[in-house]
Amino acid sequence: MGKVYDWFEERLEIQAIADDITSKYVPPHVNIFYCLGGITLTCFLVQVATGFAMTFYYRPTVTEAFSSVQYIMTEVNFGWLVRSVHRWSASMMVLMMILHVFRVYLTGGFKNPRELTWITGVILAVLTVSFGVTGYSLPWDQIGYWAVKIVTGVPEAIPVIGSPLVELLRGSVSVGQSTLTRFYSLHTFVLPLLTAVFMLMHFLMIRKQGISGPL
């Protein structure tokens, strides 16, 4: 085992990386509320794992979406548990994100020189809400359908570009298969990719600048 470790150590300098991680200074004022961002990340990872598991059975069509969700809940081994954990962790992620934003704001963590960290955090908050909006529609039940119809109809109030925006979101003039396909693609590919990128940026900046001091 020692030879294997030495082989990797010689090439990757594992010990230096470990020392850098474990020796990072943590200010004495840090308390449990500073863990809210990490909890949000944990919820996101749970979302990725459970969401990926459900893609094996979910069918993103207006005729089969609801029945495929029913199949996951009633026929797939532990499917009910996977989907329930996905829903619970989604709610928890939104809650932890909101509390994290409040904590950062109230402790002044957005001030110089951490403005860019705050901006990436706000973008992540928008992405988190977008996850909720797109995921809510995927079962394609009555609640999901009408929620999509209302949400995608909001931009119509914008002068000049309102109607084109609505059509862009829906994929057509009315809510249908194109809308579900768009929301499924956003929920399972575009949003997770963007979230991973901005999370990496967010954590790298936190790592570089450290935790903000007390007010």
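Keep in mind that glycine also has a Cβ here, set from the backbone N, Cα and C atoms.
Features as listed in Swiss-Prot:
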type	residues	note
TRANSMEM	32-52	transmembrane segment
BINDING	C35	heme c binding site
BINDING	H86, H187	heme b 2 binding site
TRANSMEM	90-110	transmembrane segment
BINDING	H100, H202	heme b 1 binding site
TRANSMEM	116-136	transmembrane segment
TRANSMEM	186-206	transmembrane segment
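Checking each of the binding-site residues H86, H100, H187, H202 against C35 (heme c binding site) by C-alpha distance, the shortest gap belongs to H100.
Counting every protein chain shown, the Cβ of H86 (heme b 2 binding site) has 19 other Cβ atoms within 10 Å. With a cut-off of 8 Å between CB atoms and residues at least 6 apart in sequence, the same chain places G51, F131, T134, G135, L138 near H187 (heme b 2 binding site), listed in sequence order. In this structure, the CA atom of H86 (heme b 2 binding site) is 20 Å away from the CA atom of H100 (heme b 1 binding site).
Following the DSSP three-state reduction, the secondary structure of H86 (heme b 2 binding site) is helix. Counting residues 6+ beyond its ends, the transmembrane segment (186-206) has Cβ neighbours under 8 Å at 41, 44, 48, 51, 55, 114, 116-117, 120-121, 123-124, 127-128, 130-131, 134-135, 138 in the same chain. Neighbour counts were taken as the number of other C-beta atoms within 10 angstroms of each residue's C-beta; across the binding-site residues C35, H100, H202, the minimum falls on C35.
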